[in-house]
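Trainee: I'd like to ask you about the structure that follows.
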Amino acid sequence: MLNKLIRKSEKSISIPLGKRKENAQQEQLPGHIAIIMDGNGRWAKKRALPRIAGHHEGMKTVKKITRFANEVGIKVLTLYAFSTENWKRPKMEVEFLMRLPEEFLGTYLPELIEQNVQVQMMGNIESLPEHTKRAVQKAIDQTATNDGLILNFALNYGSRDEIVQAVSKIARDVQEGNVALEEISEALLSNHLMTKNLSEPDLLIRTSGEVRLSNFMLWQLAYTEFWFTDTLWPDFDESCLMDAIENYQKRNRRYGGLKEGEGN
Ligand code: IPE
Ligand code: IPE
Ligand code: MG
């Protein structure tokens with residue numbers, strides 16, 4: 001444990017963050033990074049604070065990471081903020097989480113506009129409380145013409161729900177004679193998902209030590225590179241993101257084939 005701590009601090013002392021960023025920019029960056037922001041509750045519990053204090057702290061990490069991802073030159077950042085299963089949590093926690101977008105965007109929207117960030121949202125918007133919908137819609141509208149980083153919030157998002165909706169729309173189109181059975185393809189299904197305007201994630205990060213997908217982008221992650229870290233989301237910072245990006249840049253993405261020089 002101590003060794004690990006020493007190694008970690010040596011690493012950050014030896015290469016400053018700015019330099020790491022510059023180095024990474026010389027190589028292929030992940031165009032789309034998706035993050036399962038997990039561990040807010042445990043962060044709070046460790047400090048004997050209520051779980052919502054962890055969510056509040058996690059919101060600060062969202063700002064920090066969005067700003068930095070934009071600086072690095074990432075094109076799309078998808079953040080899993082609330083799953084279709086998170087309604088199972090205590091009412092008070094759910095209500096707090098549904099207030100967070102307003103608080104986040106209330107203080108941060110001007111900066112997002114200035115940084116040329118475009119806010120998008122995927123998930124079942126209809127069943128969100130009115131006040132949450134309003135805050136998110138305002139951010140989407142006011143950043144619609146920005147062409148920098150796309151900040152895509154997965155809010156009330158569930159991948160199975162997304163796939164069911166897509167399949168049901170396609171079935172209806174077939175039934176009504178607008179789509180022929182032979183036209184059903186991977187591309188057609190992809191075009192019915194909530195990510196239809198986005199590239200697929202190149203890198204998936206999950207914080208807090210959990211190693212599962214929790215109903216997140218099951219279709220889109222087919223060939224994504226995964227990065228799991230024990231760091232809790234409120235503790236995740238710029239250097240943690242650089243760790244993930246640097247590791248990604250060492251990977252060999254084969255997509256089932258071989259790289260040049262790997263064949264006989
Ligand atoms: C992630 O943190 C935020 C949401 C799921 C909304 P958690 O609230 O899941 O934190 P843990 O996993 O209980 O520590
Ligand atoms: C996944 O985290 C959802 C979000 C990060 C928004 P959870 O904390 O809800 O996932 P499980 O319950 O541990 O699988
Ligand atoms: Mg969790």
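Each position is counted from 1, following the chain as shown.
Positions of Cβ are set from backbone N, Cα and C atoms, glycine also.
No curator has checked TrEMBL annotations; they are predicted automatically.
So TrEMBL lists the following for this protein:
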type	residues	note
BINDING	Asp38, Glu225	Mg(2+) binding site
ACT_SITE	Asp38	active site
BINDING	39-43, Arg51, His55, 83-85, Trp87, Arg89, Arg206, 212-214	substrate binding site
ACT_SITE	Asn86	active site, proton acceptor
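Neighbours and distances for these, please.
Mentor: If you take the C-beta of Asp38 (Mg(2+) binding site) and look for same-chain residues 6 or more apart in sequence within under 8 angstroms, you find Arg206, Thr207, Ser208, Glu210, Ser214, Leu232, Trp233. Classification of Asp38 (Mg(2+) binding site) by DSSP places it in coil, neither helical nor stranded.
Within its own chain, Thr84 (substrate binding site) has Gly123, Asn124, Asn156, Tyr157, Gly158, Asp161, Asn215 as residues 6 or more apart in sequence whose C-beta sits under 8 angstroms from its own.
Residue environment of Asn86 (active site, proton acceptor) contains 17 other Cβ atoms, counted within 10 Å of its Cβ in all protein chains.
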Trainee: Quick one: pull the CA-CA distance for Gly39 (substrate binding site) versus Asn86 (active site, proton acceptor), whole Å only.
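Mentor: Between the alpha carbons of Gly39 (substrate binding site) and Asn86 (active site, proton acceptor) there are 14 Å.
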Trainee: Around the Cβ of Arg206 (substrate binding site), how many other Cβ atoms lie within 10 Å? Please give the count over every shown protein chain.
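Mentor: Step by step: centre on the Cβ of Arg206 (substrate binding site), count other Cβ atoms within 10 Å, giving 23.
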Trainee: Less than 6 Å between Cβ and the nearest atom of ligand 3 is the rule; apply it to the recorded positions His55, Thr84, Asn86, Trp87, Arg206, Leu213.
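Mentor: Listed by sequence, the hits amount to none.
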Trainee: Taking only the Cα atoms, work out how far Leu213 (substrate binding site) lies from Glu225 (Mg(2+) binding site), in Å, as a whole number.
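Mentor: Distance (Cα to Cα, whole Å): 13 Å.
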Trainee: Measure the Cβ-based neighbour count of Trp87 (substrate binding site), defined as the other Cβ atoms within 10 Å of its Cβ.
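Mentor: Around Trp87 (substrate binding site), other Cβ atoms within 10 Å: 12.
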